[in-house]
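Visitor: Below you will find the structure I want to go over with you.
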Amino acid sequence: MAQIGKDIDLAKSFLEQGQLVGIPTETVYGLAGNALNPESVALIFETKNRPAFDPLILHTSSMDRVSDFVTEFPEKLLTLAEYVWPGPLTLLLPRKSIVPDLVTSGLERVAVRVPKHPLTLALLETLDFPLAAPSANPFGYISPTSPAHVNAQLGEKIPYILDGGPCEVGLESTIVGMEGAEIVIYRLGGLEIAEIEKLIGPVKIKDHSSSNPQAPGLLESHYSPRKPFILGNLKDLIGEHLEKKTDFAVLSFSDYYAEVSAGNQIALSPNKNLHEAAKNLFSAMRKLDEGKSDLILAELMPEEGLGRAINDRLKRAGAK
C-alpha cells in the first residue's frame, strides 16, 4: 500500500521522477502527475483505467502561473478567477502548445484551476511544472474524500499520498468556459451558480449527451457505487423493497426511517444543510457500498444551491 504522510519534499521527489502521488484538495483527492510530462500523464490514464477521450484538469499554484499554459484569459473569466481562486472553480481556456495533447484529449482548451488546500498549494509552489490531477479513484467509481479512500482504491499503484485530512467541499470543482460571448457551465460543482452569476452575470448550463466530453467528469455514468443505486421517493422505495424482502441500504438528505436498521441508513445532513450534505456525499455512498446490503436506495436533494450539483452526482451514480 502507499505511504501516507505530510512530507511535501517526498511528494515532490516522486513527482519529479515521473511517478504519481495522491494529493488533497478542497473538493476531492486527486491523482497527480507532472502535467507537462506525457509519460506521467499516460500513467494517470493507465492507473485509473480512464478513457483517453476524457480530459484532465491542470492544477497550478497561482493565477500568475496560469498564463504559462493558456493563450488568452477572457475578462469575465478573469474576474471570476480573481474572486474564487484558490477555490472550487475550473476554467476552460485556450491552451498553449506546451500542454500535451493527452491532458486535453486533443481539445483546443485546457481545464485549469488553483486548488484551495495549504499542503497542495505548498507542493505546487515548489514544483517547476503544473499537476494533472483527476480524482484519485478507479475511473467511474465514487470520488475519494480522504487519504484512506485513495489508499483503498489505488494504494498498490502509487508510492505516496499527501495527507490533508478530509476534503472540505466534497464535490468536484465547477467547470466554466465561454462560447462566443456566452458564459457556460460545463460541470456543476462546489461553486454555486448563484455565486458565479452574482460576479459575472447570467450563465448557460451545458447539456451533455455526448460520449466525447468537452471537459472532465461529464460522462453519463460516473461517481458510481458497485451496487445497484436506485433514485426515487424513499418512502415508496422502502415500502416496495420491504415487500420484496430485499436487503437494502438508504441514503437520504435529512430523514431517518424507523423501518430501516440504523446501520443500513445514512442521512447526509439531519439539519438539512446542503453544504454538509455535499461534504458527506461521497464518503456516505462509499460506506453504504462497502456494507452488506445488496442495493442502495437514495433520494434527490432540493434543487437549489449545491443541491443541483449533488443531484448531478446522484443521477450519474444511478445511470447504467
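Even glycines carry a Cβ here, placed using N, Cα and C.
Keep in mind that TrEMBL annotations are predicted by a computer and have not been checked by a curator.
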Visitor: Can you tell which of Ser61, Ser62, Ser67, Ser173 TrEMBL lists as binding L-threonine with Thr27, Arg113, Ala133?
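Guide: According to TrEMBL, the candidate sharing the L-threonine site with Thr27, Arg113, Ala133 is Ser173.
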Visitor: Determine, to the nearest whole angstrom, how far the Cα atom of Arg50 (ATP binding site) is from the Cα atom of Ala133 (L-threonine binding site).
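Guide: It is 12 Å, counting Cα to Cα.
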Visitor: Can you tell me how spread out the ATP site is, meaning the largest CA to CA distance among Arg50, His59, Ser135, Ser143, Arg187, Tyr223, in Å?
Guide: 21
Visitor: So among His59, Ser143, Arg187, all listed as binding-site residues, which is physically nearest to Ala133 (L-threonine binding site)? Use the C-alpha atoms.
Guide: His59
Visitor: Hey, how far is Ser173 (L-threonine binding site) from Arg187 (ATP binding site), Cα to Cα, in Å?
Guide: 8
Visitor: Using C-alpha positions only, work out which of the binding-site residues His59, Ser143, Tyr223 is nearest to Arg113 (L-threonine binding site).
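Guide: Out of the listed candidates, the nearest Cα belongs to His59.
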